[in-house]
Amino acid sequence: MHCRYVSRSYAELNIFTGDSDLQFLLQGGDLLKVLSPSWKKTRYFRLMEDCKTIWRESKRTFKDSQTFSLDDISSVRLGRQSEGLRKNTEDQVEGRCFSIMFKSRRKNLDLIASSEEEAKQWFNSLQKVLSNRNNLNIHWISSCLRKADKNKDDKMTQSELKNFLRLINIKVDDDYAEMLFQKCDKSKSGHLSGEEIEHFYDLLTHREEIDVIYGAYAKTTGFMSSQNLVDFLKKEQREKATLADAHNIIQKHEPDENAKEKKLLSKDGFLIYMHYPETLVLKPDHREVYQDMSQPLNRYFISSSHNTYLMEDQLSGPSSTEAYVRALLKSCRCVELDVWDGSDNEPVIYHGYTLTSKILFRDAIKSIKEYAFKTSDYPVILSLENHCSVEQQEVMAHHLSSILGSALVTSPLGEGMPTDFPSPEELKGKFLIKGKRLNKLEASFAPEAAEADDADVTEEDESNNEDEDEQKEDEKRKLKLAKELSGMVVYCKSVHFHSFEDARQNLSFYEMSSFKEQKALALAEESANSFIRHNVDKLSRIYPAGSRTDSSNYNPVPLWNAGCQLVALNFQTTCTDMDVNQGRFLVNGKSGYILKPAFLRDVDTEFDPITLTRGDWLKHKTLHVLVVSAQQLPKMNNKKFSFVDPLVKVQVYGVPADVAERQTVAVENNGFNPAWNESFQFDVYVPDLALVRFTIEDHDSTSGNEFIGQYTLPFNSLNMGYRQVPLLNKNGDVLSSAGLFVHIMVLDAE
């Protein structure tokens with residue numbers, strides 16, 4: 001934020017810091033931390049002065065007190081809403097309980113306050129601070145100023161000024177620091193105070209690149225007129241702007257009332273505008289549902305998770321209902337449930353034949369029901385890997401029916417036997433079951449072909465499909481299937497894949513196969529066009545290799561290129577592949593459904609991503625990216641005298657011909673306002689399948705670069721012109737004060 005408006009916000013800040021909720025958190029208090037029915041220990045919690053970090057005192061000898069960032073919190077829930085509190089506490093403490101839920105693999109923090117009023121105070125105060133994180137960035141800067149003022153005299157000497165610069169992650173050489181200091185020390189007193197400190201910060205955060213852009217268009221006595229603004233929007237931003245649009249921008253963003261009255265935009269107003277959502281690199285209309293959602297379900301890429309119940313690795317980590325909540329809140333629309341016989345006739349979910357912990361099937365379905373449609377209204381597919389006895393399958397069917405009720409699809413929509421999938425629009429708020437079925441769906445429309453009770457089917461087990469030889473028709477294990485559960489499988493019947501020819505001749509549209517990643521990648525490379533045509537009619541689900549015991553992921557892009565709809569990843573793992581997945585599903589209202597390009601929906605398509613023959617898919621574009629600058633990049637380590645040396649990578653993902661990467665030089669010792677002004681050019685042949693990823697790393701030639709933040713989005717969703725790029729941390733959450741500034745131009749290639 002520009003200093004004149006940082007200074008304007010000091011008044012707002014003082015009001016905010018005087019707020020009782022913030023003061024309550026800054027003071028903190030004792031809470032009972034709950035780990036098990038018998039482990040409940042008192043711990044002291046408070047918000048630290050930076051207003052970004054919660055501090056927790058540890059009572060254990062030799063154990064350091066611990067902290068966590070507000071940015072790590074996904075939500076706060078009042079009452080016994082978490083899996084841990086439901087399991088480890090009694091009903092009577094309901095009103096005193098609350099949970100802090102984290103975005104990463106970190107376990108939730110289950111807490112009990114001394115009274116219901118105190119629990120509500122913690123809940124309300126945390127909610128307020130979380131929703132005001134951006135305002136608190138001002139508080140952080142003033143907090144750094146206070147921290148730098150060693151003798152607390154509200155004045156800043158030259159050495160204190162250097163200390164402040166270090167705290168905000170900028171290394172300035174002595175000459176430059178002295179020059180800045182002398183420029184601001186108008187009173188020649190040898191220290192800065194009041195407005196001099198504000199002036200110093202103003203000089204420090206001066207955005208020269210914004211001045212240059214503004215100066216090129218401010219043709220009206222040092223201001224931008226409405227027409228100047230229209231010219232900027234049309235020429236630089238490639239927007240269809242009118243004078244009315246310009247007037248709206250001035251009305252909304254111009255802080256000077258006199259300028260606003262004359263319909264002029266000042267430099268400060270322009271800077272404020274350039275930080276607003278409409279100037280982001282993502283097209284504004286693509287943030288909402290903008291695609292046709294009335295086409296059959298199989299014509300969409302669908303955000304999908306593998307072994308969704310796992311919080312960590314595949315062998316010994318915890319299973320949790322919270323893992324389903326986190327995936328669903330990230331707009332995942334296909335979750336997996338590995339179900340086994342449990343004690344007391346209650347089926348359980350865990351990764352079979354491993355040491356992963358178990359959760360009740362019933363609890364998982366309850367959590368899925370509660371969180372399925374918080375981020376997206378569009379249908380959720382429950383992918384069942386069923387290992388249960390007939391008796392416990394009947395219990396599964398009962399839980400599905402009683403918990404999900406009318407939201408569960410148990411018969412085809414409409415009259416008679418369907419010939420195609422319903423659309424995401426028709427299935428809004430609905431659950432579909434993917435699993436084994438005793439017979440063809442057609443049989444339910446032919447009464448004379450009554451199904452046998454509890455007939456045998458091949459057991460659904462991904463872990464046994466690692467080996468081609470092992471898949472010799474799975475003579476291995478047969479599973480008796482309860483007709484109650486079988487009857488719930490309507491549009492997603494699991495079958496083994498033999499060949500594309502067999503699928504074309506013998507399978508109905510609703511019969512689908514799952515492919516392990518190696519098999520799918522081989523088909524996508526060697527038989528791409530056949531795979532694409534197969535996926536025009538059928539659904540395909542891809543899952544990670546069993547060898548990925550650490551829950552690592554694979555690149556989903558080649559599978560999307562082959563038209564595969566359900567490319568399942570380990571959502572609990574932070575990695576480039578997951579970033580790319582979230583970038584694909586960032587748009588269309590984060591609905592979890594992206595309409596496949598027309599050439600992946602055409603049964604006669606000739607498209608092949610490997611050979612790229614001529615066709616409608618070839619729309620050769622040239623992407624020009626000017627990497628201009630970045631702002632307030634966080635330090636990745638806590639070493640006192642370390643500074644960020646940032647560099648920017650720009651990558652294109654898509655068909656093999658489009659895959660490319662460029663990077664800037666590293667700017668030494670400046671994470672606060674580094675500037676690059678480096679240009680890159682990319683050829684993109686199939687823009688409908690391409691994604692663009694911006695990454696900032698801290699350069700380190702000895703131990704390897706450290707990740708700072710990234711942002712991935714579909715090529716067709718790029719906004720042209722000068723654009724702010726938000727930065728997401730490794731967990732996929734926005735780094736609230738950091739950003740990247742670029743200029744984007746997409747041109748038709750010659």
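Each residue, glycine too, has its Cβ placed from N, Cα and C.
A sphere of 10 angstroms centred on the C-beta of Asp698 (Ca(2+) 5 binding site) encloses 21 other C-beta atoms. Marked as Ca(2+) 5 binding site by TrEMBL: Asp698, Asp700.
Residues or ranges marked as compositional bias 'Acidic residues' by TrEMBL: 450-472.
Among the features that TrEMBL reports, domain 'PH' is placed at 24-131. Mean predicted confidence for the domain 'PH' (24-131): the pLDDT average there is 87.
TrEMBL lists 136-171 (among others) with the feature domain 'EF-hand'.
Summarising the annotation, TrEMBL assigns domain 'EF-hand' to 172-207 (among others).
As annotated by TrEMBL, domain 'PI-PLC Y-box' applies to 485-601.
The domain 'C2' annotation in TrEMBL covers 604-729.
Residues or ranges marked as region 'Disordered' in TrEMBL: 449-476.
Ranked by the number of CB pairs under 8 Å to the domain 'EF-hand' (172-207), the listed stretches 24-131, 485-601, 604-729 are led by 604-729. Counting residues of the domain 'PH' (24-131) by DSSP class, helix then strand then coil, yields 35 helix, 38 strand, 35 coil.
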